[in-house]
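Here TrEMBL flags 145-165 as compositional bias 'Low complexity'. Taken from TrEMBL, the feature compositional bias 'Pro residues' covers 166-183. Annotation source TrEMBL lists domain 'SUEL-type lectin' at 27-117, 192-278. Taken from TrEMBL, the feature region 'Disordered' applies to 120-189. According to TrEMBL, the feature signal peptide maps to 1-22.
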Amino acid sequence: MLKRELGILTLLVLLCVHGVKAVDLITCEGLTANLTCAQGTIEVLSANYGRTDRATCSTGRPANQLANTQCLITTPLNVLATQCNGKTSCSFGVNNRDFTDPCPGTYKYMNVSYECAAPPPLSTPSPPTTTTTTPPTTPPPTTTTPPTTTTPPITTTPPTTTTTTTPPPTTTPPTTTTPPPPTTTTTKPDIICQGRSSVLSCAKGRTLLIHHANYGRRDRVTCPPAVARFPPCISSVTRNIKLWCNGKRRCVLLGTNSYSNDRCPHINKYLEVSYSCE
Ligand SMILES: *[C@@H]1O[C@H](CO)[C@@H](O)[C@H](O)[C@H]1NC(C)=O
Ligand SMILES: *[C@@H]1O[C@H](CO)[C@@H](O)[C@H](O)[C@H]1NC(C)=O
(Lines of atoms letter the chains of each structure in order from A and count residues from 1; the text may use other names and numbers.)
(Lines give C-alpha, C1' and ligand atoms only; values in the text may rest on other atoms or scores of the structure.)
(Ligands and ions follow the chains in the order given, each with its own letter.)
Protein backbone atom coordinates (compact mmCIF):
# COMPACT_ATOMS: atom_id res chain seq x y z
CA MET A 1 0.00 0.00 0.00
CA LEU A 2 2.59 2.49 1.14
CA LYS A 3 4.96 1.22 -1.49
CA ARG A 4 2.34 1.82 -4.09
CA GLU A 5 1.78 5.35 -2.99
CA LEU A 6 5.47 6.00 -3.06
CA GLY A 7 5.65 4.42 -6.48
CA ILE A 8 3.44 7.19 -7.73
CA LEU A 9 6.17 9.64 -7.07
CA THR A 10 7.79 10.16 -10.37
CA LEU A 11 11.02 11.86 -11.02
CA LEU A 12 11.32 13.05 -14.53
CA VAL A 13 14.22 14.74 -16.08
CA LEU A 14 12.43 17.28 -18.14
CA LEU A 15 14.95 19.19 -20.09
CA CYS A 16 18.64 19.48 -20.22
CA VAL A 17 19.59 23.01 -21.05
CA HIS A 18 23.28 23.67 -21.28
CA GLY A 19 24.07 21.08 -18.67
CA VAL A 20 21.51 22.28 -16.12
CA LYS A 21 18.82 19.70 -15.61
CA ALA A 22 15.34 20.69 -14.58
CA VAL A 23 13.69 18.07 -12.44
CA ASP A 24 9.93 17.68 -12.20
CA LEU A 25 8.96 16.18 -8.86
CA ILE A 26 5.40 15.02 -8.13
CA THR A 27 4.52 14.38 -4.48
CA CYS A 28 1.05 13.27 -3.44
CA GLU A 29 -0.88 15.08 -0.74
CA GLY A 30 -0.03 13.82 2.73
CA LEU A 31 3.49 12.75 1.84
CA THR A 32 6.80 14.49 2.33
CA ALA A 33 8.45 16.00 -0.72
CA ASN A 34 12.20 15.60 -0.89
CA LEU A 35 14.17 17.83 -3.20
CA THR A 36 17.79 16.85 -3.53
CA CYS A 37 20.79 17.89 -5.53
CA ALA A 38 23.72 15.52 -5.78
CA GLN A 39 25.71 18.37 -7.27
CA GLY A 40 25.03 22.04 -6.90
CA THR A 41 22.14 23.64 -5.06
CA ILE A 42 18.39 23.78 -5.47
CA GLU A 43 16.78 26.49 -7.54
CA VAL A 44 13.01 26.14 -7.61
CA LEU A 45 11.56 27.08 -11.00
CA SER A 46 7.87 26.43 -10.52
CA ALA A 47 5.57 24.91 -7.95
CA ASN A 48 1.94 24.00 -8.37
CA TYR A 49 -0.33 22.50 -5.73
CA GLY A 50 -3.56 20.97 -6.93
CA ARG A 51 -4.66 18.55 -9.61
CA THR A 52 -4.53 18.94 -13.38
CA ASP A 53 -5.13 15.36 -14.47
CA ARG A 54 -6.98 12.31 -13.19
CA ALA A 55 -4.15 9.78 -13.26
CA THR A 56 -1.49 11.38 -11.10
CA CYS A 57 -1.72 10.35 -7.43
CA SER A 58 -4.95 8.47 -8.00
CA THR A 59 -4.20 5.07 -6.45
CA GLY A 60 -6.98 4.00 -4.12
CA ARG A 61 -8.80 7.30 -4.33
CA PRO A 62 -12.54 7.57 -4.98
CA ALA A 63 -13.52 9.15 -8.28
CA ASN A 64 -15.02 12.23 -6.68
CA GLN A 65 -11.62 13.18 -5.27
CA LEU A 66 -10.08 13.01 -8.74
CA ALA A 67 -12.77 14.64 -10.84
CA ASN A 68 -11.59 18.23 -10.54
CA THR A 69 -8.66 18.58 -12.91
CA GLN A 70 -8.80 22.37 -13.03
CA CYS A 71 -7.39 22.78 -9.56
CA LEU A 72 -4.21 24.76 -9.28
CA ILE A 73 -2.46 27.28 -7.12
CA THR A 74 1.02 28.50 -7.89
CA THR A 75 1.80 30.52 -4.77
CA PRO A 76 3.87 27.67 -3.26
CA LEU A 77 6.64 28.86 -5.53
CA ASN A 78 7.38 31.76 -3.22
CA VAL A 79 7.37 29.58 -0.14
CA LEU A 80 9.54 26.91 -1.65
CA ALA A 81 11.97 29.27 -3.31
CA THR A 82 12.54 30.88 0.08
CA GLN A 83 12.78 27.58 1.88
CA CYS A 84 14.81 25.50 -0.56
CA ASN A 85 16.89 27.68 -2.88
CA GLY A 86 20.60 27.46 -2.29
CA LYS A 87 20.35 24.19 -0.34
CA THR A 88 21.44 20.74 -1.40
CA SER A 89 18.32 19.08 0.00
CA CYS A 90 14.96 20.29 1.17
CA SER A 91 11.96 18.42 2.57
CA PHE A 92 8.48 19.68 3.30
CA GLY A 93 5.05 18.25 3.94
CA VAL A 94 2.53 18.42 1.13
CA ASN A 95 -0.67 19.29 2.95
CA ASN A 96 -3.41 21.87 3.34
CA ARG A 97 -1.96 23.26 6.54
CA ASP A 98 1.23 24.48 4.96
CA PHE A 99 -0.20 25.37 1.56
CA THR A 100 -3.44 27.04 0.64
CA ASP A 101 -6.03 24.50 -0.43
CA PRO A 102 -7.22 25.52 -3.89
CA CYS A 103 -10.00 22.89 -4.06
CA PRO A 104 -11.29 21.29 -0.86
CA GLY A 105 -12.44 17.73 -1.36
CA THR A 106 -10.02 17.01 -4.18
CA TYR A 107 -6.99 14.83 -3.53
CA LYS A 108 -4.02 16.89 -4.66
CA TYR A 109 -0.33 16.76 -5.34
CA MET A 110 2.59 19.12 -5.41
CA ASN A 111 4.29 19.51 -8.75
CA VAL A 112 7.68 21.12 -8.22
CA SER A 113 10.14 21.84 -10.95
CA TYR A 114 13.65 22.66 -9.86
CA GLU A 115 17.18 22.56 -11.08
CA CYS A 116 20.50 21.99 -9.44
CA ALA A 117 22.58 25.06 -10.04
CA ALA A 118 26.21 24.09 -10.42
CA PRO A 119 28.51 25.33 -7.66
CA PRO A 120 30.73 27.29 -10.01
CA PRO A 121 27.94 29.05 -11.84
CA LEU A 122 27.86 28.16 -15.48
CA SER A 123 27.85 31.26 -17.58
CA THR A 124 25.48 29.68 -20.02
CA PRO A 125 23.47 31.63 -22.48
CA SER A 126 19.81 31.77 -21.65
CA PRO A 127 17.74 28.68 -22.33
CA PRO A 128 15.68 29.58 -25.36
CA THR A 129 12.63 27.59 -24.33
CA THR A 130 11.60 29.33 -21.15
CA THR A 131 8.26 30.98 -20.53
CA THR A 132 7.68 32.80 -23.74
CA THR A 133 4.87 35.23 -23.41
CA THR A 134 3.75 35.33 -26.99
CA PRO A 135 3.68 38.99 -27.79
CA PRO A 136 0.87 40.57 -29.72
CA THR A 137 1.73 40.60 -33.38
CA THR A 138 2.78 44.15 -33.71
CA PRO A 139 4.85 45.07 -36.72
CA PRO A 140 8.55 45.11 -35.90
CA PRO A 141 10.27 48.42 -35.48
CA THR A 142 11.76 49.94 -38.58
CA THR A 143 15.40 49.55 -37.63
CA THR A 144 16.01 46.06 -38.90
CA THR A 145 19.72 45.89 -39.54
CA PRO A 146 21.50 47.16 -36.48
CA PRO A 147 24.77 49.00 -36.97
CA THR A 148 28.11 47.52 -36.14
CA THR A 149 27.91 47.68 -32.37
CA THR A 150 25.30 45.18 -31.39
CA THR A 151 24.78 44.18 -27.79
CA PRO A 152 28.08 42.64 -26.81
CA PRO A 153 28.19 39.19 -25.27
CA ILE A 154 29.80 38.47 -21.94
CA THR A 155 33.25 39.55 -23.07
CA THR A 156 33.09 43.28 -22.64
CA THR A 157 35.84 44.69 -24.76
CA PRO A 158 36.42 48.37 -24.30
CA PRO A 159 35.43 50.29 -27.40
CA THR A 160 38.91 51.66 -28.02
CA THR A 161 40.35 48.82 -30.07
CA THR A 162 38.13 48.68 -33.09
CA THR A 163 39.86 46.36 -35.46
CA THR A 164 38.27 45.64 -38.80
CA THR A 165 35.16 43.89 -37.71
CA THR A 166 33.55 41.17 -39.67
CA PRO A 167 29.98 42.08 -40.53
CA PRO A 168 27.74 40.93 -37.71
CA PRO A 169 25.36 38.14 -38.58
CA THR A 170 21.82 39.41 -38.47
CA THR A 171 20.68 37.16 -35.68
CA THR A 172 18.76 39.56 -33.49
CA PRO A 173 15.08 38.91 -34.13
CA PRO A 174 13.07 42.11 -34.06
CA THR A 175 10.38 40.80 -31.72
CA THR A 176 9.25 43.46 -29.36
CA THR A 177 8.12 42.34 -25.93
CA THR A 178 9.72 38.95 -25.35
CA PRO A 179 12.08 38.98 -22.42
CA PRO A 180 15.64 39.34 -23.65
CA PRO A 181 18.36 36.82 -23.00
CA PRO A 182 19.02 37.20 -19.30
CA THR A 183 22.77 37.23 -19.69
CA THR A 184 22.85 40.65 -21.27
CA THR A 185 22.80 43.76 -19.23
CA THR A 186 19.38 45.07 -19.84
CA THR A 187 16.84 47.47 -18.54
CA LYS A 188 14.03 46.41 -20.81
CA PRO A 189 11.10 45.33 -18.65
CA ASP A 190 10.46 41.66 -18.30
CA ILE A 191 6.79 40.77 -18.49
CA ILE A 192 5.58 37.79 -16.47
CA CYS A 193 1.93 36.98 -17.04
CA GLN A 194 -0.26 36.02 -14.13
CA GLY A 195 0.31 32.41 -13.20
CA ARG A 196 3.55 32.15 -15.15
CA SER A 197 7.02 32.20 -13.76
CA SER A 198 10.28 33.48 -15.07
CA VAL A 199 13.89 33.47 -14.05
CA LEU A 200 15.91 36.66 -14.09
CA SER A 201 19.55 35.85 -14.37
CA CYS A 202 22.89 37.49 -14.92
CA ALA A 203 26.15 36.30 -16.37
CA LYS A 204 28.82 34.94 -14.10
CA GLY A 205 30.24 37.56 -11.81
CA ARG A 206 27.28 39.87 -12.12
CA THR A 207 24.26 40.33 -9.91
CA LEU A 208 20.74 41.58 -10.36
CA LEU A 209 19.73 45.13 -9.66
CA ILE A 210 15.98 45.72 -9.78
CA HIS A 211 14.93 49.15 -11.03
CA HIS A 212 11.15 49.00 -10.96
CA ALA A 213 8.55 46.32 -10.55
CA ASN A 214 4.82 46.71 -10.98
CA TYR A 215 2.01 44.23 -10.76
CA GLY A 216 -1.29 44.83 -12.46
CA ARG A 217 -2.29 45.90 -15.93
CA ARG A 218 -1.60 49.09 -17.83
CA ASP A 219 -2.68 48.17 -21.33
CA ARG A 220 -5.28 45.94 -22.89
CA VAL A 221 -3.20 43.58 -24.99
CA THR A 222 -0.23 42.49 -22.90
CA CYS A 223 -0.70 38.94 -21.63
CA PRO A 224 -3.69 37.79 -23.65
CA PRO A 225 -6.60 37.34 -23.69
CA ALA A 226 -7.01 41.06 -24.26
CA VAL A 227 -9.01 42.85 -21.60
CA ALA A 228 -11.67 45.23 -22.86
CA ARG A 229 -11.73 47.54 -19.87
CA PHE A 230 -10.23 47.59 -16.45
CA PRO A 231 -9.95 49.92 -13.48
CA PRO A 232 -6.70 51.57 -12.43
CA CYS A 233 -4.74 48.50 -11.70
CA ILE A 234 -1.05 49.01 -11.00
CA SER A 235 0.69 48.34 -7.73
CA SER A 236 4.34 49.00 -7.17
CA VAL A 237 6.03 45.87 -5.94
CA THR A 238 9.51 47.30 -6.37
CA ARG A 239 10.37 47.03 -2.72
CA ASN A 240 9.49 43.36 -2.40
CA ILE A 241 11.10 42.36 -5.65
CA LYS A 242 14.25 44.24 -4.68
CA LEU A 243 14.36 42.42 -1.38
CA TRP A 244 13.89 39.17 -3.19
CA CYS A 245 16.30 39.58 -6.12
CA ASN A 246 18.89 42.29 -5.57
CA GLY A 247 22.40 40.96 -5.23
CA LYS A 248 21.52 37.52 -6.54
CA ARG A 249 22.75 36.10 -9.79
CA ARG A 250 19.45 34.37 -10.48
CA CYS A 251 16.02 35.00 -9.16
CA VAL A 252 12.75 33.17 -9.76
CA LEU A 253 9.71 35.40 -10.10
CA LEU A 254 6.07 34.58 -10.41
CA GLY A 255 3.25 36.60 -11.88
CA THR A 256 1.20 36.64 -8.70
CA ASN A 257 -0.48 38.83 -6.13
CA SER A 258 1.71 37.54 -3.41
CA TYR A 259 4.07 40.51 -3.62
CA SER A 260 1.32 43.00 -2.86
CA ASN A 261 -2.38 43.40 -2.25
CA ASP A 262 -4.59 42.75 -5.22
CA ARG A 263 -6.03 46.02 -6.44
CA CYS A 264 -8.22 44.57 -9.18
CA PRO A 265 -9.17 41.01 -8.31
CA HIS A 266 -11.02 39.95 -11.43
CA ILE A 267 -8.53 41.22 -13.99
CA ASN A 268 -5.87 39.06 -15.58
CA LYS A 269 -2.66 40.82 -14.60
CA TYR A 270 1.08 40.66 -15.12
CA LEU A 271 4.32 41.53 -13.43
CA GLU A 272 6.61 44.06 -15.10
CA VAL A 273 10.19 44.12 -13.94
CA SER A 274 13.00 46.26 -15.18
CA TYR A 275 16.43 45.31 -14.01
CA SER A 276 20.07 45.27 -14.94
CA CYS A 277 23.07 43.13 -14.23
CA GLU A 278 25.81 44.92 -12.34
C1 LIG B 1 11.24 11.87 1.95
O2 LIG B 1 12.23 11.55 2.90
C3 LIG B 1 11.69 11.02 4.12
C4 LIG B 1 12.86 10.87 5.07
O5 LIG B 1 13.93 10.23 4.44
C6 LIG B 1 10.97 9.72 3.83
O7 LIG B 1 10.41 9.20 5.03
C8 LIG B 1 9.86 9.99 2.83
O9 LIG B 1 9.23 8.77 2.48
C10 LIG B 1 10.42 10.64 1.58
N11 LIG B 1 9.29 11.04 0.72
C12 LIG B 1 9.05 10.48 -0.45
C13 LIG B 1 7.84 10.96 -1.17
O14 LIG B 1 9.76 9.62 -0.94
C1 LIG C 1 3.90 19.46 -13.65
O2 LIG C 1 4.23 20.77 -14.06
C3 LIG C 1 4.79 20.81 -15.36
C4 LIG C 1 5.23 22.23 -15.61
O5 LIG C 1 4.24 23.15 -15.24
C6 LIG C 1 3.76 20.31 -16.36
O7 LIG C 1 4.30 20.32 -17.64
C8 LIG C 1 3.34 18.90 -15.99
O9 LIG C 1 2.32 18.47 -16.85
C10 LIG C 1 2.86 18.86 -14.56
N11 LIG C 1 2.60 17.48 -14.21
C12 LIG C 1 1.45 17.10 -13.62
C13 LIG C 1 1.32 15.64 -13.38
O14 LIG C 1 0.58 17.87 -13.30
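Every residue, even glycine, has its Cβ placed from backbone N, Cα and C.
In terms of DSSP helix, strand and coil, the domain 'SUEL-type lectin' (192-278) has 11 helix, 34 strand, 42 coil. Taken through DSSP, the domain 'SUEL-type lectin' (27-117) splits into 12 helix, 35 strand, 44 coil. Over the domain 'SUEL-type lectin' (192-278), the average per-residue pLDDT in this prediction is 85.
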